Ligand SMILES: Nc1c(NC[C@H](O)[C@H](O)[C@H](O)CO)[nH]c(=O)[nH]c1=O
Ligand SMILES: CC(=O)[C@@H](O)COP(=O)(O)O
């Protein structure tokens, strides 16, 4: 199902476990900060709405999406977090650089999930243009940050 066919911000709170006992890390890319701050707001608000405590949400910033893998790895190995949300916005430019940044970031975060002990949520928008990014970070298609927060809570409580 394409994003255009769903609302990224939609969730049934009654089906989401309470997050009050868990610690969440959020690593935020500074590239396209208009977008990544919107994603962060969506994730932060959803975590609090589902019971997470403000003092249990740790935020670090990194320069760009390519640095998300290292930032998440450093956070998960040095901090007592139960899940990490990686937030980025990659927007197509004139060259193939978009492909390399998106591919490397997706692979790096997947590797953290395969080799690590806690879930790392892929909250990285990979859009053709700014409008698409705006629509998915609090616009008409909702907020992928909200979706990522719900995914983090579900993964932390998996099997409980
Ligand atoms: N063009 C975008 C970038 N590029 C920067 C890289 O992510 C990286 O910081 C740089 O190559 C140094 O290692 N990053 C984004 O997050 N979004 C973009 O659209
Ligand atoms: C995703 C990128 O790295 C891209 O925005 C950079 O722009 P350009 O391809 O025009 O150098």
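Just so you know, glycine gets a Cβ as well, placed from its N, Cα and C.
Per TrEMBL, the features are:
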BINDING   31, 65, 66, 67, 89, 90, 91, 122  5-amino-6-(D-ribitylamino)uracil binding site
BINDING   94, 95, 136  (2S)-2-hydroxy-3-oxobutyl phosphate binding site
ACT_SITE  97  active site, proton donor
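Locations of recorded TrEMBL features on the structure.
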{"residue": "31", "record": "5-amino-6-(D-ribitylamino)uracil binding site", "DSSP (3 states)": "coil"}
{"residue": "66", "record": "5-amino-6-(D-ribitylamino)uracil binding site", "DSSP (3 states)": "helix"}
{"residue": "89", "record": "5-amino-6-(D-ribitylamino)uracil binding site", "DSSP (3 states)": "strand"}
{"residue": "94", "record": "(2S)-2-hydroxy-3-oxobutyl phosphate binding site", "DSSP (3 states)": "coil"}
{"residue": "122", "record": "5-amino-6-(D-ribitylamino)uracil binding site", "DSSP (3 states)": "strand"}
{"residue": "136", "record": "(2S)-2-hydroxy-3-oxobutyl phosphate binding site", "DSSP (3 states)": "coil"}
Look at each of the binding-site residues, 90, 91, and point out the one with the fewest other Cβ atoms around it within 10 Å.
91
Of the recorded positions listed (97, 136), the greatest number of other CB atoms within 10 A surrounds the CB of 136
Other CB atoms, at most 10 A from the CB of residue 89 (5-amino-6-(D-ribitylamino)uracil binding site)
28
Tell me the Cβ neighbour count for residue 31 (5-amino-6-(D-ribitylamino)uracil binding site), meaning other Cβ atoms within 10 Å of its Cβ, over all protein chains shown.
17
Sequence gap of 6 or more, C-beta under 8 Å: which same-chain residues meet both conditions with respect to residue 122 (5-amino-6-(D-ribitylamino)uracil binding site)?
86, 106, 109, 110, 148
Which one is closest to residue 89 (5-amino-6-(D-ribitylamino)uracil binding site) in space, judged by CA to CA distance, out of the recorded positions 95, 97, 136?
136
